[in-house]
Structure formats: C-alpha cells, structure tokens
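Student: Handing you a structure now.
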Amino acid sequence: MNVQLENITCKKTAILESTLRLIKENGFHGTPMSQIAKSAGVAAGTIYHYFDSKDTLIQSLYLYVKERMSNIIPHQEDDKPYKELFLSFWIAQCEYFIENEDVLHFIEQYMTSPYRHCNPENESKLLSSGVVPFFQRGINSGYIKNLDYQLLVPVIHGSIIAAAKYHLSGRYEFTKDRLRETALVIWDGIKHR
C-alpha cells in the first residue's frame with residue numbers, strides 16, 4: 001500500500017471511529033461535523049473530502065460497523081453442528097457488544113432512526129451476505145422453525161442487545177456460562193421441534 005493511500009485510510013478510519021465514540025456520548029443530532037473533525041484530528045474541510053454530508057457519514061459508519069462485525073457470522077463451510085454454530089454466533093455477538101459499547105449504542109440508535117430507511121439497498125446487501133443465509137440454512141435444514149427472517153432476525157438481535165445492555169448496566173454479570181444459558185433459552189424458542 002502506498003503512503004498516500006495509507007494516509008487516506010487512516011484519516012477515514014479516524015473520522016469513523018471518532019463519529020462512533022461521539023454518537024455514543026451525544027447522539028446523532030448532538031454530534032456536529034466540526035466536533036467529529038476536531039476529535040479525529042483532521043481539518044474541518046477534510047471531513048467533507050471523504051463524506052459529503054453528515055447523512056453520508058452515518059450511512060458509511062453503519063457499513064463500517066457491519067463490516068467489523070461480519071467475522072462473527074458463522075461460515076457455511078463450518079462443519080460444527082448447527083446448534084453449536086448458533087450458540088457461538090449468539091455469544092460472540094453479545095460479547096462483541098459488551099466489549100464495544102460504542103457500537104452497541106450506535107446500532108441501537110441507527111436501527112430506530114430514519115437513517116435505517118435512507119439506504120435500503122445497503123441493508124438488503126448486508127442481510128443477503130450475513131445473518132439471513134445463516135438462518136435460512138437453519139430453516140432449510142430443519143433446525144429452526146420456518147419463520148420469516150423479518151421476524152427471526154429482530155427476535156434474535158433484540159435478545160443479544162438486551163443481554164449486552166443488562167450486563168453493561170452493572171446489574172448482572174454475564175459470564176461465559178451465563179451467556180451460553182441465555183443463548184440456549186433463545187435456541188429453545190426458535191428450534192424446530
């Protein structure tokens with residue numbers, strides 16, 4: 001990688017990471033572009049070189065976060081039993097959100113904001129390359145109830161978010177064993193009997 005390209009990548013990453021952190025602290029509307037630029041250590045004009053608007057920045061941040069999380073999704077070629085893949089996926093997602101609270105807050109805000117509906121082709125592309133094929137495989141193989149993914153994904157995602165938030169609140173500590181127990185409860189609710 002040449003130095004100029006590396007510098008561009010570093011600046012863009014710094015902007016995205018600063019945005020993630022500031023949105024956790026201030027929300028979407030309380031985080032102006034000038035504050036993001038200052039936090040990222042770039043000139044105010046530089047931020048617009050990479051993102052033409054705050055809306056574009058937030059959409060790019062969503063894709064950036066989803067890309068970071070993509071390695072958590074089990075791969076089709078993994079030969080573990082499907083139930084174990086599901087449990088590993090659920091636990092890994094929950095642990096990721098616990099370890100990356102800024103991502104948890106961003107995803108939660110994004111999913112309930114108008115931004116979610118601004119770029120449906122991105123969402124569709126992410127779903128078709130991510131969790132939907134994993135769950136579809138479970139349904140097609142008879143491991144999971146034949147549910148519409150538009151119901152299945154929010155139920156599973158909601159349980160992960162709730163568990164991570166509960167842990168982060170300090171009211172309950174999710175150890176590995178407790179995470180597995182919780183994932184088993186979710187599994188019992190979706191498995192095909």
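Placement of Cβ uses the backbone N, Cα and C atoms for every residue, glycine included.
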Student: Tell me which range among 32-51, 152-171, 172-191 TrEMBL lists as DNA-binding region.
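Tutor: Of 32-51, 152-171, 172-191, TrEMBL gives DNA-binding region for 32-51.
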Student: Could you count the residues of the domain 'HTH tetR-type' (9-69) that DSSP puts in helix, in strand and in coil?
Tutor: 49 helix, 0 strand, 12 coil
Student: Summarise the model's confidence over the DNA-binding region (32-51) as a mean pLDDT value.
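Tutor: Across the residues of the DNA-binding region (32-51) the model's pLDDT averages 94 on the 0 to 100 scale.
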